[in-house]
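*Asks:* Annotation comment: TrEMBL describes 352-379 as coiled coil. The domain 'Type I restriction modification DNA specificity' annotation in TrEMBL covers 16-158, 194-365.
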Amino acid sequence: MEVRPGYKQTEEGVIPADWDSTNLGNFVALQRGHDLTWRDRRNGEVPVIGSAGHNGFHDVALAKGPGVVLGRSGASFGQAHYCDQNYWPHNTALYVTDFLGNDPLFVFYFLRAFDFTRHNSGGAQQSLNRNFIAPIPVGIPRPAEQRAIAAALSDADALLGGLERLIAKKRDLKQAAMQQLLTGQTRLPGFGGKWEVKRLGDLASFYKGKGLPKSVLSSYGAEPCIHYGELFTRYAETISEVLSRTDSRGLSFRSVANDVLMPTSDVTPRGLAKASCVTADGVILGGDILVIRSDTKLISGSFLSYLIRYQEEQVLQLVTGSTVFHLYSTDMKKFTFAMPPLPEQTAIARVLADMDAELSALEARRDKTRSLKQAMMQELLTGRIRLISGQLKVESGE
């Protein structure tokens, strides 16, 4: 394969011609961390950094910051962590004792992106040995470019951190709004009067979905469908867009708009306190889905879904089982709640749905930013994209 001008072929692959071709042992000096039992720890402000990251505090530091720590074994094998202050490196990790002239933040990003799974020295129990990984060939830019790469990736992390904080704040606001609106503590403008306490079994009919194994789901089938497992991970309080389809039509049970769906079995009881209102007719509903069908002149399905999720503790009291937990229609019929008139239900559901839409938009932006940052990191750390003199330069080494 021909190497384009400005690049060179090395043992680790094609890298920019002005990058150093070296090995991990000449890039940074690594050492195993130091044992510190919980019994031996003393109150202090020195962070203890272990295999999985921050692991409490102590009053003595053994390493100067900024520092980089690398998970040595187990589930945190190969995970890199950055500490900007003096710290105690725990014996569950390796830590950098000498950056050998390299930028510490760049070292962190470089090691975080590196795939250590091919360099396991511990057999079935993954383990990272500094002598075993020292000969690994790596391509390293000069310090000025290291700093530019680290700054770009740090800016991306700062943006992600800001989005995460904003999402957390919006979630807290939504939770507070649910507490106020779903209990009647706060009334929306134009609404007054008392709410009536109702029993769900007196207002709704209960059904169960049929069939629909995962094997018949697709993205392009003729019929929209919902598998019970999707209620845990893919749907919130309102299902305005059905994500799965199927060509299987036998033994099907179909939705009526305003139906509220709940899973009927799970390995944890809390997982059963999920409720989602489907807004379309004719959606095939799979087995293990409890279908709550109410009069649309009395109950807003979206309002009921928000309410059930908010009153999670009451649902948990209705769950049965020990190893696998179940929620039966005979139990959900006992669910009681304070019910406002339908117009107020609809207004409350609309307010909460608007908050959900804002949250979803922020989460989509966060996910896109994370993907872009991951792609940018891959390009920058391999030299396919260059940051030279503060400018972005895109090249290909092939």
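Heads up, the Cβ atoms here are built off N, Cα and C, so glycines get one too.
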*Asks:* What is the three-state DSSP composition of the domain 'Type I restriction modification DNA specificity' (16-158), stated as helix, strand and coil residue counts?
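*Replies:* Its residues divide into 43 helix, 47 strand, 53 coil.
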*Asks:* So what's the average pLDDT for the domain 'Type I restriction modification DNA specificity' (194-365)?
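*Replies:* Mean per-residue confidence for the domain 'Type I restriction modification DNA specificity' (194-365): 95 out of 100.
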